Amino acid sequence: MDRENHSRVPSNTDYSKDNDTEATPAPSNRPVTDRNNGDNVVPMQKLNSATSHVSMERSWSLNDGYSCGAVDEEDTEEAIDREAAAAVAAAGGDESFAVRWEESDAMNPRNLSSFRKWLITVIVSLGSLCVTCTSSMYTTTYGQITKEFHISRIVATLGLSFFIWGLGIGPLLLGPLSEFYGRRNIYLASFTVFLLFIIPCAVAKNVQTMLVCRFFNGVAGSAFLSVAGGTVGDMFDRQHLGPPMMLYTASPFVGPVIGPLVGGFVNEFTLWRWSFYVLLIWAGALLLRNKARKLRKETGDDRWIAPIEKMQRSVLQTVIRSIYRPILLLILEPMCLNLCIFSAILLGILYLFFGAFELVFSHVYGFGLWQCGCTFLGLLVGMVCAILTDPLWRRNYARLERNHQEKVGRTDDPQPEWRLPPAIGGAPLVTIGMFIFAWTIYPNVHWIGPIIGSAVFAAGMILVYTGIFTFLVDAYPLYAASALSANSFARSSFGGVFPLFGIQMYNRLNYHWATSLLAFLTLAMAPFPYIFFRYGSQIRKKSRYAKSAS
């Protein structure tokens, strides 16, 4: 790696006892003088090992195919500083020259103007929206490509499955690479590749080309689902993080709903290839342009180093670690396993609906392709309604925190289980919504009935995801990236498999019982958020990876 590119500390770099938490910028007060002109360039300070104060909330570039979050872990700050210093000292570096942020530093992303922060947030959110919209817009092309390529419906559906599997695999590679080469380079490279692989999809002459390019489309596009969350978390402090993170986190769920809505109109009135031309135009407009700053180039002092530069692991070792640790969490952690399965089932059902909606509304109500696309507005409305309840859940979290403080007399003991109430409330909504959808699909029942059911399902799904994601981050603070990577792997696996049997299941079991079967599946998983809310602290006491219960 180029020496000049080493000067900054990637904020998504992990440093803990197993190198899973990141080195956090700290305040400094000693200026570095440019030996060329004598100007004060960037203030620095010596790293005070275990006692240095952490001035910024750590953000994670979570290896998660769908969502990212920012976390604040005061109880591990001392360990992180100690390990950051050790990472430098162990490799023979002088820890006096460890590079840290100063709160007033112009290079600190927290000090960007509000306009620029929100502009970057909107850009990465639109990128996430574009990628997930690409996943589902493809489903509206089935009718045309099955005839043109002379393939079955299930083979055509593989194009959706391969894309989702790519979304799950991509973060395992792009997350670690962003630690070494920086997010900007990963954004530009991956989104350019994403853009390029849309072209062969648009001009494909056979299904083999389509399937291969769809897979690499998903791998490349996953950067905006795995790396971008750390970008948002780096720019905003804890007090102002809520609205921008809500915007970014909602985008990958809204995207799949917009896909069939837009694709329905495109494929109803034009050729299927225009679905990809539209995406090509959209993606091309979203390529990011940022200016990189290089500290050593400015100071001319080669002794300034970041802990990432002294890491003992190579890129390959980091990638391998990002793959095997999520698997360990799924095998050894019952809370992680069950919540990952629950969220995976929900994403599988969502992608199964992309084929089922067209089947149901075209056969039962005689809808055309563009009308079937409009039926996804129910899902969109449900998601938006769930997002708008966020202030209620924040107040509930504050209430639980206040009650706990009154009970134990401590103010520094947040419990991960307090993050689960949204999932507890959302789980019944998922099941209720699916039963409404299942038993209102009759020609003599107005079509708004199943759409209302889909809206209730979508609202519950967003609430469940909100609770599960934040719980995993808080319950596994040293392994948050791995926990959400495990969740991403499970969701992508189910999301790619469910559409492959959805149409056959609906044709054989009929529309009512096929949907009811899925509803019973969600009903079986619904108690787990409450079980972990009630007994999670006891389970964590026996856990190897979870945060220790007080």
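Going from the start of the chain as shown, residues are counted 1 onward.
Note that Cβ sites are derived from N, Cα and C of the backbone, with glycine treated the same way.
TrEMBL: automatically predicted annotations, no manual curation.
Residues or ranges marked as region 'Disordered' by TrEMBL: 1-43.
Within its own chain, the transmembrane segment (118-138) has Cβ neighbours under 8 Å at 112, 159-160, 163-164, 167, 187, 191, 194, 198, 214, 217-218, 221-222, 224-225, 228, 231-232, 235, 244, 247-248, 251-260, 262-263, 266, 275, 278-279, 282-283, 286, 288, 351, 354, counting only residues six or more beyond its boundaries. The annotation transmembrane segment is assigned in TrEMBL to 118-138 (among others).
Summarising the annotation, TrEMBL assigns domain 'Major facilitator superfamily (MFS) profile' to 120-542.
Annotation comment: TrEMBL describes 150-174 (among others) as transmembrane segment. Sequence-remote contacts of a segment are chain residues at least 6 beyond its ends whose Cβ falls under 8 Å from one of its Cβ atoms, and for the transmembrane segment (150-174) they are 62-66, 131, 134-136, 138-139, 141-142, 186, 190, 207, 210-212, 214-223, 225-227, 319, 322-323, 351, 354-355, 485, 488-489, 491-493, 495-497, 499-500, 503-504.
If you look up TrEMBL, you'll see 186-203 (among others) marked as transmembrane segment.
What TrEMBL records for 215-233 (among others) is transmembrane segment.
Summarising the annotation, TrEMBL assigns transmembrane segment to 271-288 (among others).
Taken from TrEMBL, the feature transmembrane segment covers 327-353 (among others). If you look at the transmembrane segment (327-353), the same-chain residues 6 or more away from its ends with a CB under 8 A from one of its CBs are 66, 135-136, 160, 164, 256, 379, 423, 427, 430, 434, 454, 457, 461, 464-465, 468, 471-472, 475-476, 479, 482-483, 486-487, 489-499, 502, 518, 521-522, 525, 528-529, 532, 536, 539-540, 543-546.
Per TrEMBL, the feature transmembrane segment maps to 365-389 (among others). Below 8 angstroms of C-beta separation, residues 140, 143, 246, 250, 253-254, 257-258, 260-265, 267-269, 350, 353, 357-358, 422, 426, 433, 443, 447, 451-463, 466 of the same chain, each at least six residues beyond the ends of the transmembrane segment (365-389), sit close to that stretch.
The transmembrane segment annotation in TrEMBL covers 420-442 (among others). Beyond the transmembrane segment (420-442), the same-chain residues lying 6 or more positions past its ends with a Cβ under 8 Å from any Cβ of the stretch are 339, 342, 346, 349, 360, 364, 382, 386, 389, 393, 396-397, 400, 449-450, 452-468, 471, 511-516, 518-519, 522-523, 525-527, 529-530, 532-533, 536.
Under the heading transmembrane segment, TrEMBL lists 448-476 (among others). Same-chain neighbours of the transmembrane segment (448-476): 60, 62, 64, 67, 69, 71, 249-250, 253, 257, 329, 333, 335-336, 339, 342-343, 346, 349-350, 353, 357, 360-361, 375-383, 385-387, 389-390, 393, 414, 416-417, 419-438, 440-441, 482-484, 487, 529, 532, 536, 540, 545-547, counting only residues six or more beyond its ends whose CB sits under 8 Å from a CB of the stretch.
As annotated by TrEMBL, transmembrane segment applies to 512-533 (among others).
Within the same chain, residues 335, 338-339, 341-342, 345-346, 349, 352, 356, 417, 420-421, 423-424, 427-428, 430-431, 434-435, 437-439, 441, 464, 467-468, 471, 505-506, 539 sit at least 6 positions outside the transmembrane segment (512-533) and bring their C-beta atoms closer than 8 Å to a C-beta of that stretch. A mean pLDDT of 83 is what the model gives for the domain 'Major facilitator superfamily (MFS) profile' (120-542).
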